[in-house]
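These notes concern the structure reproduced below.
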Amino acid sequence: MKIATFNINGIKARAEALPRWLDDAQPDVVLLQEIKSIDENFPREIFEERGYNVETHGQKSFNGVAILSKLPLEDVSRGLPGDDEDEQARWIEATVIGKQALRICGLYLPNGNPVPGLKYDYKLAWMERLYDRARDLMASEEPALMAGDYNIIPQAEDAARPDAWREDALFRPESRAAFRKILNLGFTEAFRARTQGPGHYSFWDYQAGAWNKNDGIRIDHFLLTPQAADLMQDCQIDAAIRGHEKPSDHVPVWIQLDL
DNA sequence: ATGGCACTCCCTGAGTGA
């Protein structure tokens, strides 16, 4: 089973590039972030005609997450638990029914800039709620994963120019510590379990020719419970599509599970 | 060396992003 995460930076803007990638990459499940659309306006037909079930959790203009799945989805849940006042659409989860059930969580973690500020406070508070959900997933002792745009640069090697990010919410020590605390529950960060060393990125800014200079950062991640990690056969970043027509500023990251 | 973009919407300029 091939499962991908992709921050598309607007479903309307990606109405051509996204299906092109789907037809090429043939993922079974896709976790989308930044659909920037209300549920009613999401172009489900594009995906349903390709055999995907579609579950969205959108809002107007900003944020928004979705799941596309060729396999049936059950027990869909929207919104990260822990704050009834939180209006931002950044979390969706469901169970994929394959050979074996797999719980999948798609997330769009807050950016957090500027630092300091209310947005940074919100990021860190959101990560505490994420920790709580992660702890419960771990306690289930079942195959599960949390994937999406974490807006976290885990290590210096995950940025082409780490010094440019020192004071940024994506690389501040508090952000990275909160990410590490979640990993330390026992999750496997899928990409780093298979590939070491610098030069592997999932985001390149539209500005300053970042793609052409490979001036990127790696901020889109898969975190696997031990029961899911045992099934992992591959994890790759589809970097090349950043150079295609009208791209998102992020590229897909995917895993292959023996499921 | 520096700066260079793109998305959204009843506000085509301002907020947001990373």
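The backbone N, Cα and C atoms fix where each Cβ goes, glycine too.
Per TrEMBL, active site is recorded for A:Tyr108. Around A:Tyr108 (active site), taking its Cβ as the centre, 27 other Cβ atoms fall within 10 Å, counting all chains.
Under the three-state DSSP scheme, A:Asp149 (active site, proton donor/acceptor) falls in the strand class. Listed in sequence order, A:Thr5, A:Asn7, A:Gln33, A:Glu34, A:Leu107, A:Tyr108, A:Leu109, A:Ile219, A:Asp220, A:His250 are the same-chain residues at least 6 apart in sequence whose CB falls under 8 Å from the CB of A:Asp149 (active site, proton donor/acceptor). Per TrEMBL, the feature active site, proton donor/acceptor maps to A:Asp149.
Note: A:Asn151 (site 'Transition state stabilizer') has non-local neighbours A:Leu109, A:Pro110, A:Asn111, A:Gly112, A:Lys123, A:Ala169, A:Leu170, A:Ser175, A:Ile219, i.e. same-chain residues 6+ apart with C-beta under 8 A of its own C-beta. For A:Asn151, the entry in TrEMBL reads site 'Transition state stabilizer'.
A strand conformation is recorded for A:Asp220 (site 'Important for catalytic activity') in the three-state DSSP classification. Taken from TrEMBL, the feature site 'Important for catalytic activity' applies to A:Asp220.
DSSP assigns A:His250 (site 'Interaction with DNA substrate') to a strand segment in the three-state reduction. Annotation source TrEMBL lists site 'Interaction with DNA substrate' at A:His250.
For A:His250, the entry in TrEMBL reads active site, proton acceptor.
Of all the recorded sites listed here (A:Asp220, A:His250), it is A:His250 whose C-beta has the fewest other C-beta atoms within 10 angstroms.
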